[in-house]
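Structure, as structure tokens:
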Amino acid sequence: MASPVPSEPVSEDTHDSSSGSEVEQSEISTRAPKRRRLSESSDDSDDSYVAPAPLPTLSRIKKKGAPDAKPAAPAGQDNPVLIRDALEIGLREEASSFAALNVAPWLVGSLTTMAVRKPTAIQKACIPEILKGRDCIGGSRTGSGKTIAFSVPMLQKWAEDPFGIFGVVLTPTRELALQIFEQIKAISAPQSMKPVLITGGTDMRPQAIALAGRPHVVIATPGRLADHIKSSGEDTVCGLKRVRMVVLDEADRLLASGPGSMLPDVETCLSALPPSSERQTLLFTATVTPEVRALKNMPRSANKPPVFVTEISTENQGSIPPTLKQTYLKVPLTHREAFLHVLLSTEDNASRPAIIFCNHTKTADLLERMLRRLTHRVTSLHSLLPQSERNANLARFRASAARILVATDVASRGLDIPTVSLVINYDVPRNPDDYVHRVGRTARAGRSGEAITLVGQRDVQLVLAIEERVGRQMEEWSEEGVSIEGRLVRTGVLKEVGEAKREAMGEIDEGRDVLGRKRNKLKKVR
């Protein structure tokens with residue numbers, strides 16, 4: 001039997017119809033009117049009438065406003081990630097959310113206010129397990145959101161019983177501690193939460209008063225917190241005995257042995273806290289070292305669940321973001337400063353925010369003074385500076401008041417400055433893991449970035465070790481129409497840079513700051 005006429009009018013096809021279509025239209029025109037149905041629910045008194053199966057529309061003209069049909073995704077499967085390499089950089093699929101991880105609504109709202117709407121891979125893996133009370137060792141590349149991975153469950157568990165010092169966060173550098181302090185304050189803004197920052201370079205008396213006031217979370221560097229434990233008295237640090245959660249951020253650096261080790265101070269801090277059987281311990285790092293992995297097998301009390309360990313993109317193939325371009329530039333030892341000046345002045349790099357990493361504080365101090373005389377907008381971050389000046393310089397760089405930050409490895413860990421698109425290794429790092437952390441200051445959270453390493457004749461073995469660590473080879477730096485050697489010869493850059501360097505060294509010998517002001521207590525750099 002022929003198909004009934006649909007209740008909606010059929011658009012007339014302006015093109016030639018097939019023979020099958022003509023037959024179909026002929027049958028429709030000769031059908032008895034009583035056989036027509038205006039809707040599926042219409043009643044028909046003729047029992048012999050049987051509704052046929054619907055046929056596809058005959059017209060090729062679509063109704064206005066009808067959206068194009070899209071193939072449905074298979075049942076139980078999330079929509080595919082649209083960004084190439086999204087999984088590699090730690091971003092999640094569109095269907096994921098913090099609410100699905102059992103995060104409290106007030107925290108979801110706070111994260112949304114901060115434009116953090118979807119959890120990354122490390123956050124999705126760790127947050128549910130931490131909320132269950134498990135100790136955690138989390139490894140994920142730089143810029144993947146490890147701070148939120150431990151801050152959110154800490155704040156959620158604190159909100160259930162907001163009394164006394166609930167958590168302690170230890171981190172190796174003052175700048176990273178300040179950044180974590182500010183992020184925790186922002187996330188906990190809807191609640192009356194009191195964090196406190198305990199770092200070196202500032203007066204201990206206000207810090208002791210703040211500790212005695214029983215803040216809810218303490219963010220500290222190990223050295224300064226250990227000083228308070230040893231010298232500030234029992235009344236000041238007795239609140240630490242009730243801590244329920246401890247976080248070691250950049251755990252590989254905190255637990256490293258050898259010269260400059262922070263391990264003795266970390267042990268002092270942990271000795272003032274409850275035993276491991278009575279608290280939750282979280283370790284996060286971008287480079288999971290054997291010292292960190294060994295903690296998984298340490299003896300545990302019978303009533304504690306096993307340690308949760310996750311390593312997301314921390315092996316050789318994943319330690320460097322896929323959006324990072326790695327290059328090297330061969331430079332002679334005697335003209336390294338001149339090559340750097342020309343490199344910063346090329347058409348592609350002249351306006352890019354950049355961080356220049358040095359191995360020594362004296363090199364960073366000299367480079368800042370020299371580049372300032374060469375008209376670059378530059379500031380610095382290293383241990384020769386007082387803490388107030390370090391904070392001010394970092395704030396200037398974040399606000400784009402300075403385009404270039406010359407720094408030692410104090411700036412290589414944890415600092416999140418989204419505008420940085422270029423990292424220059426003026427000195428090749430001796431440890432390949434330090435290279436991973438340095439170049440991690442750019443190409444964060446899926447953004448693009450470039451890392452350029454200045455390589456001298458004595459640095460070849462160091463570069464090979466770095467390439468083996470990251471699993472990728474560096475390409476030789478090049479820019480269309482740019483020859484650094486040619487510019488050095490033609491433009492007289494060597495003389496200009498030499499004069500700027502001599503003036504900078506003279507300023508250091510006279511004990512003046514970068515603005516030329518006399519400072520009696522300024523350390524001389526020779």
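Easy rule for this one: first residue shown is 1, then count along the chain.
Heads up, the Cβ atoms here are built off N, Cα and C, so glycines get one too.
Given the structure is predicted, the values throughout are model-derived calculations rather than measurements.
Within the set 241-244, 249-252, 349-352, the record from Swiss-Prot flags 249-252 under the feature motif 'DEAD box'.
In Swiss-Prot, the annotation motif 'Q motif' applies to 96-124, one of the ranges 96-124, 154-182.
Panel annotation: around the motif 'DEAD box' (249-252), residues 137, 146-147, 150, 169-173, 176, 180, 283-289, 291-292, 413-414, 433 of the same chain, lying at least six beyond its termini, place a Cβ under 8 Å from a Cβ of the stretch. This prediction places the mean pLDDT of the motif 'DEAD box' (249-252) at 96. When secondary structure is read from DSSP and collapsed to three states, Thr142 (ATP binding site) falls in the coil class.
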